[in-house]
């Protein structure tokens, strides 16, 4: 699947950002309509799909194509472009991939085969630095320290820029910016990303401990008061835990633990135990951040990442339950609709853009439990993708999960995440699992080794010496840069009666929908 999508991108779309798999053409930013954020937030005219796929090539052991792709990126990709992109998307898709590939190239153990590049002079790290410097203006001239959502890579923050941003977009930059800072020995990037996280954290509700999904970066006022686990908030929670796993900073763990408790207290509905007791199976809903009152009756497909996060923090039984809910929806439609109304038991938003979240949670649950049920889930997902989304030159977004009509777009995360997690689910002997190195995946599925180098921050006492008044970060002036039980999971295997739990859950969920 990966090779079919990747080869067609290289043949028909490169050097453009994405492949239109139905008409076998490339796609770049929509220059004619700057307001087309669905395209322009993501496509920066920097060969996005190639960059995003680099570490997937390595994980699949294709050293010759990995080396060829890295050289292409070094020789052809530039960020000196008149492109206005979303800071979050550029960070997770491009910056994260450059850093991951750089680490793979320079790893002395070379667990994936010979991924070294002749005469490599840290070019990918320099490119990552260049991109991050171009993203830094987003953090300037903001009274809260929460960044603007978009920057122009040549000119900085657009003069007509929106002061409203989502919590996930502003608060999910710490993993990539932190890695960059620790590789360069320059605290600037981690400082601004950590400051944004702490600014958002300081705005949480005093009553519920919850955050909203949209905030004004100048006033700190919550514009969107919905609190949930999906779009607008998902990766904020994910990166609190993953930042702790990578960097070992206790404050990240403390924030994650507090957030997780608030989620359990106010978002979780249904019976207390996954597999016993009266009432409906557990479900996480969208509530008002201040009152905890239900705001709507839909969940979105991005929430399917949460069982995987629960695996990382050790809450495996609850992860099994929640995963079953999403898998039951997939069983019904052969895809996950973007929004599903659990009260009406029907999709609210009908498209499926080849998202990886359910595959990711399936993979992590298999790693935690080794129950072969998850291999069957993966096979089910794979066969659905082959049956409903494969087209002439790749895999296409489903426009409508019921009638299976398609849109002519293959987002870069299909190669960087969906194919990668499916491959790793079935590849028991992959170096990710067998090399003795611990790995973590970014929110875009880029692999990062967890090691001492990323635990070292000589500036630690300087980044937040006192956190500013009332725990809020001090005012930030423009910077000119030259240049989850909540520990790291141990090796235990879980011996829950998974098959019986799962079959009961699936039966109940299928009955519900």
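Every residue, even glycine, has its Cβ placed from backbone N, Cα and C.
Note: TrEMBL annotation is automatic and uncurated.
In TrEMBL, the feature region 'Disordered' is placed on 462-482, out of the ranges 462-482, 483-503. The Cβ of residue 443 (Ca(2+) binding site) has 25 neighbouring Cβ atoms from other residues within 10 Å, across all protein chains displayed. When the recorded positions 234, 338, 357, 443 are ranked by how far their Cα is from the Cα of residue 89 (active site, proton donor), 443 comes first. Separating the Cα atoms of residue 443 (Ca(2+) binding site) and residue 357 (active site) is a whole-number distance of 10 Å. The Cβ of residue 234 (active site) has 25 neighbouring Cβ atoms from other residues within 10 Å, across all protein chains displayed. Taking all protein chains in view, 20 other C-beta atoms sit within 10 angstroms of the C-beta of residue 89 (active site, proton donor).
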